[in-house]
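Enquirer: First the structure, which I've put down as structure tokens, then a few questions once you've had a look.
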Amino acid sequence: MTSPTSLDQLKQQIKIAPIVEHYAIKLKKKGKDFVALCPFHADQNPSMTVSVAKNIFKCFSCQVGGDGIAFIQKIDQVDWKTALNKALSILNLDSQYAVNFYLKEVDPKLKRYWDLHSALVDYYQTRLKLEPKEQGLTYLTETRKLSPQVIERFQLGLAFTLEDQYFLPSLLNYPWISPAIEKAELCFATEKFPEALGFFNQQTHYATFKSRIMIPIHDLKGNPVGFSGRALQKTEKIKYKNSAEHQWFKKSELLFNFHRIDKNTLKLYLVEGYFDVFALTSAGIGDVVGLMGLALSESHIIAFQQQLKALETVVLALDNDTAGHDATFKLLQELNAHGIIVEVVDWNQAAYKDWDELFLAEGSDAVKAKTHRVLNLVEYLVAYFKTKGFDERITVNKVIDIIAQNQKVTADTSFSRFLCQKLQQLLQYSDVETLFTQLQQQKLKVKVNKTTTFTQRAPIYESVVGVVDNSFRNESQPVAITKEFLVENNWKETKERVFHAEIFAYVLLDKQFLVELKQSDLDELFASLQTPLFDVALFIDKARLYWAKVQEPDWAVFNSILGEQQAMFPTTFLAQIKEFFLNKSLSYDPEDYEEDLQFFRQLIVKQKELLKYFKSMVEH
């Protein structure tokens, strides 16, 4: 191998195709490139392209891409240096020159960043131990009731009141780092030191952190990358002060305590705050991570999939407030769509806002007991949609739609049936077989690319609900999803939705309101509702016919006179769209017809909004 003289030359020598194949990913030739199942999301149809000419990979579903080094970084969740070394090893490239030269130029900055933070962790921990207890240790042990073991486990430290005076001299004389720390590295970023940490202001001579408990934050591999400082004084307006955002410290890409999780864990608890993590840890729940915000990023999902390979269940245990409840529903949908079983802690109108409050009020036993009170997917969703005021039919449809997004669940017949049983029991709606059939139909409507196959996966039912009689289990047969199936299925789905009795024309959500409209109200009420979706004049004629024959409101009669599915909707529009895409042979993409059919759904939404508006006008 010729020693490279530029970064581009080094990357050219690290070929992408053999690196991808090293991870047992099968490449299939497609033109000049290769395609493969993407390892970074639940890919059922090859959506990752590997370009030999460009020496890169790109997934057009999850948008992950890059060169060979980036691929290793993503799949192994390692830093650039480790990925480079592994790439050279995979390709049997002897390039000590490349390692020495380029790691000095690129990677040492990141390594230095970690080393500086390690020194800071050590410094703040030492401060906590050396300063009088009332400066910080008393706050942790008495006010926050944390044990010495928890304090040590999380490397908690203290930025004491005199940091303005002692911070710089202490760090500049810190002996366990080479080369020695420079003042500019600790101050705010400059042109010479763009990676400076921002812990001291040279102009004002003020330390960024003082009178705060310092909580070290690590990246997903356990390297220290930042801090969050918890104010000790109640008068301090800013309760938590974090390290400045940096290319290596992006809160949205981090999970507090992730690097300490048992990599063979089956269940992971997801909470909001640092002290919530401390509360669960104090109660003996070690596999708990804290969100650095209220959202999960793609890097979080990849970390779950790549580093927690045995993970089956994520328990959402966010705060018991409006923001926590809203975030729970969003996170549930995201995790569920990635094939993760989701449970939700049942706060059950508890008086406490979060785990820290519960821990301080009732202790670790109460925390541990609460972690065992969880709702499964269906139990949570039924309760959630009830708070939104949805009736049983709408709730069933929404719950089944969410279940159908999880291919791991729908591939397990027993678990799917169990969830349908729970849904029927909670709502006393329909019957189990009907709901199960609806779920099977809905899972086929989940968006897929041109051709894919659903196959039976390893059973998960027993691990969740115990051993049961599985005699009724039927092994799933592969179902080929073709272009014709997609078009036909989506057309039928759209047609059913626009013709459904409760959203058809102006029937929508309030049948009685429409029936009670007098003939004199019709012209004014519907005059402005001209849309290409239906024939307004024909609707008015039908309504007048009803009032001419019937003097008392009667929905059944009104419905029959209206003619339901034949009165006003131009069915030929949908039929033409269906025929167009079935006959279309070039440049076919499943999303093409979706945009056209979505037009009709948007009109339905518009009808609902208009109905609500006009109803309010009539009532007032």
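Cβ atoms here come from the backbone N, Cα and C positions, even for glycine.
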Enquirer: Swiss-Prot tags one of 38-62, 88-112, 363-387, 513-537 as zinc finger - which one?
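Expert: Of 38-62, 88-112, 363-387, 513-537, Swiss-Prot gives zinc finger for 38-62.
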Enquirer: Using a 10 Å cut-off, grab the number of neighbouring Cβ atoms around the Cβ of ASP321 (Mg(2+) 2 binding site), all chains included.
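Expert: ASP321 (Mg(2+) 2 binding site): 13 neighbouring Cβ atoms within 10 Å.
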Enquirer: 10 Å Cβ neighbour count around ASP319 (Mg(2+) 1 binding site)?
Expert: 22
Enquirer: If I restrict to non-local contacts, at least six residues apart, and a C-beta distance under 8 angstroms, what lies near GLU272 (Mg(2+) 1 binding site) in its own chain?
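Expert: Non-local contacts for GLU272 (Mg(2+) 1 binding site): GLY290, LEU291, LEU294, LEU318, ASP319, GLY324, ASP354.
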Enquirer: Quick one: mean pLDDT on the zinc finger (38-62)?
Expert: 86
